[in-house]
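Reading through the structure tokens given below for one structure.
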Amino acid sequence: MTFTDFLQLLTDGLVLGSMYGLIAVGYTMVYGILQIINFAHGEIFMLGGFGALFAYAWVPALHEISLWAALPVMLVVGVLVSVTAAVAAERFTYRPLRNAPRLAPLITAIGLSLFLQQVVFNFFTLPGESMGITAPVPFPQLDGGPLRLGGVTVSYAAILTLVVAAGAMTGLTYFVGRTRTGRAMQATAQDPKTARLMGIDTDRVIVVAFAVGAVLAAVACLTQGLRLGSISYNMGFIAGLKGFTAAVLGGIGNIRGAMLGGVVLGVAESLASGLLPHLPSLQMFGGSVWKDVWAFVILIVVLLIRPQGLLGERIADRA
Amino acid sequence: MTALLEVEDLRVAYGKVEAVKGISFSVEEGQAVTLIGTNGAGKTTTLHTLSGLLTPSGGRVRFAGQDLAGVPAHKVVALGLAHSPEGRHIFPRLTVEENLLLGAFLRKDADGIADDTERAYTLFPRLRERRIQPAGTLSGGEQQMLAMARALMCRPRLLMLDEPSMGLSPIMMKKIMATVAELKATGTTILLVEQNARAALSLADQAYVMETGRVVLSGSGERLLHDDSVRKAYLGEE
Ligand SMILES: Nc1ncnc2c1ncn2[C@@H]1O[C@H](COP(=O)(O)OP(=O)(O)O)[C@@H](O)[C@H]1O
Ligand SMILES: [Mg+2]
């Protein structure tokens with residue numbers, strides 16, 4: 001293990017973590033306003049990838065041009081699919097349960113997850129193939145070999161992930177902090193009844209929170225498809241779990257915390273699975289088999305030390 | 001002439017429990033009207049119903065000639081009915097100025113909003129000093145000032161204040177009540193809910209005494225200040 005190897009692990013972790021952060025924002029925004037965990041968010045993520053792939057597969061014109069040029073079209077379709085699903089989920093499953101006991105929306109979310117997975121599993125169709133999918137579906141790949149920066153290798157897809165995540169976070173910060181709707185969102189998160197007294201339509205704010213989370217999730221799934229070369233109907237499970245972990249790690253309800261939690265999680269995961277094989281007594285814990293375990297080890301450790309998460313406030317501080 | 005606010009036989013229930021059992025009162029343009037009564041009488045429930053946070057189980061509310069039945073809370077404020085809620089409810093992690101601007105959420109006239117922000121700071125100089133501070137770091141009295149200033153930011157036709165002096169030091173309480181009197185003097189129409197009955201009756205044109213969901217007594221503030229039963233029950237006199 002050289003220093004360059006270490007930098008490589010760090011870079012990979014940063015890329016992975018940016019993607020986790022994009023997913024985490026969706027959990028945290030909805031939680032911040034409604035205090036519910038939208039466990040179907042992993043499937044909203046997955047639908048973004050399938051939406052993008054569907055557009056690519058069924059529009060032959062997109063095969064004639066470079067994938068870079070096709071990406072915006074794929075992104076728009078993926079985002080539309082995710083947002084539609086998220087807004088429909090809010091309208092038809094969460095809103096009717098707004099005043100139900102906490103467990104009801106949670107169980108509903110799990111049911112919704114399975115439903116959305118099965119919809120894709122049974123009905124997603126590629127040209128010339130029968131309806132439904134069984135295995136992971138190949139995702140188009142960007143041309144051009146990986147870049148070498150120093151000794152570190154980075155794919156174009158990885159660079160795209162970093163750029164997109166940075167752009168999305170900048171846009172989101174501006175949106176929440178500077179726009180009228182963003183201010184309405186903060187007010188609704190802090191005190192929903194009083195927000196209504198100000199003239200804020202809080203139902204609309206809730207829809208916007210679901211939609212914004214879905215946009216970022218769709219973006220995240222597109223980058224994962226580009227990086228890993230395939231997507232599958234059940235990819236939302238692990239991705240959702242990681243995004244949720246990142247959100248809790250950063251302090252659920254806190255948007256910057258979600259991104260930070262994602263990065264910390266991604267880097268820790270990458271370092272743990274890359275470094276441990278080189279430590280004599282711990283090598284059995286290294287590698288990809290244990291990769292997903294580290295996320296939760298880190299979560300438990302952080303929550304033991306800082307129950308409110310990295311950037312979260314203690315519940316007592318909340319009005 | 002019809003009153004700005006007319007409440008007729010209003011009933012409100014939490015589940016099966018009726019908290020407001022058919023009350024009627026009205027507020028005329030330019031008046032200060034107060035609802036007084038012991039804890040749990042139904043005053044806060046009444047204000048929440050007027051601003052649309054609660055749905056009445058019976059009766060009628062007319063504001064500025066419009067029936068409020070079925071109008072959601074976020075549209076009531078657009079009609080000019082502002083509500084400074086009990087317990088202040090400022091947005092703790094937003095700055096003082098952001099809180100004020102939320103009071104003008106539905107307004108589009110940037111110049112008018114800037115004027116009114118300035119007016120709020122003139123009315124409460126303490127808020128100007130704390131402009132960029134998170135509102136949660138203000139003292140109780142300052143939070144109350146902010147809640148009132150925020151409610152004024154929509155240029156309300158009727159300002160509803162729920163217990164503005166609650167939990168404040170005697171000095172701060174005096175200051176807040178003096179501000180209410182000042183607002184009245186400058187023409188603001190006010191519906192004031194208070195436990196500090198003496199202060200409320202002193203400035204009210206018209207007063208209603210509530211007990212367990214009913215109006216048991218009404219009259220001019222002046223008359224109730226000298227009413228024997230009021231003096232015994234609410235002013236702590238023998
Ligand atoms: N959210 C609620 N759920 C059930 N009962 C309530 C609720 N809020 C108030 N009440 C009851 O309604 C009655 C009137 O309360 P409230 O309007 O707060 O009185 P006041 O403001 O005059 O002190 C009380 O008996 C109170 O216990
Ligand atoms: Mg009350």
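Just so you know, glycine gets a Cβ as well, placed from its N, Cα and C.
As recorded in TrEMBL, the features of this protein are as follows:
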TRANSMEM  A:6-27  transmembrane segment
TRANSMEM  A:39-59  transmembrane segment
TRANSMEM  A:65-88  transmembrane segment
TRANSMEM  A:100-121  transmembrane segment
TRANSMEM  A:154-176  transmembrane segment
TRANSMEM  A:205-225  transmembrane segment
TRANSMEM  A:231-250  transmembrane segment
TRANSMEM  A:257-276  transmembrane segment
TRANSMEM  A:288-305  transmembrane segment
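For the transmembrane segment (A:65-88), the residues of the chain that approach it from at least six positions outside its boundaries are 26, 41, 43-45, 47-56, 59, 116, 140-143, 207, 210-211, 213-215, 217-219, 221-222, judged by C-beta separation under 8 angstroms. Counting C-beta pairs under 8 angstroms (sequence separation of 6 or more), the transmembrane segment (A:154-176) fails to reach the transmembrane segment (A:231-250), with fewer than 3 such pairs. Highlighted: of the candidate stretches A:100-121, A:231-250, A:257-276, A:257-276 has the greatest count of Cβ pairs under 8 Å to the transmembrane segment (A:6-27). Where the transmembrane segment (A:39-59) meets the stretches A:231-250, A:257-276, A:288-305, the count of C-beta pairs under 8 angstroms peaks at A:231-250.
Long-range Cβ contacts of the transmembrane segment (A:257-276) within its own chain (Cβ-Cβ under 8 Å, at least 6 residues beyond either end) map to 1, 5-6, 8-10, 12-25, 27-28, 165, 169, 242-243, 245-251, 282-283, 285-288, 290-292, 294-295, 298-299, 309-312. Only residues 6 or more beyond the boundaries of the transmembrane segment (A:288-305), in the same chain, are considered here, and those with a CB under 8 A from a CB of the stretch are 238, 241-242, 245, 248-249, 264-265, 268-269, 272-273, 276.
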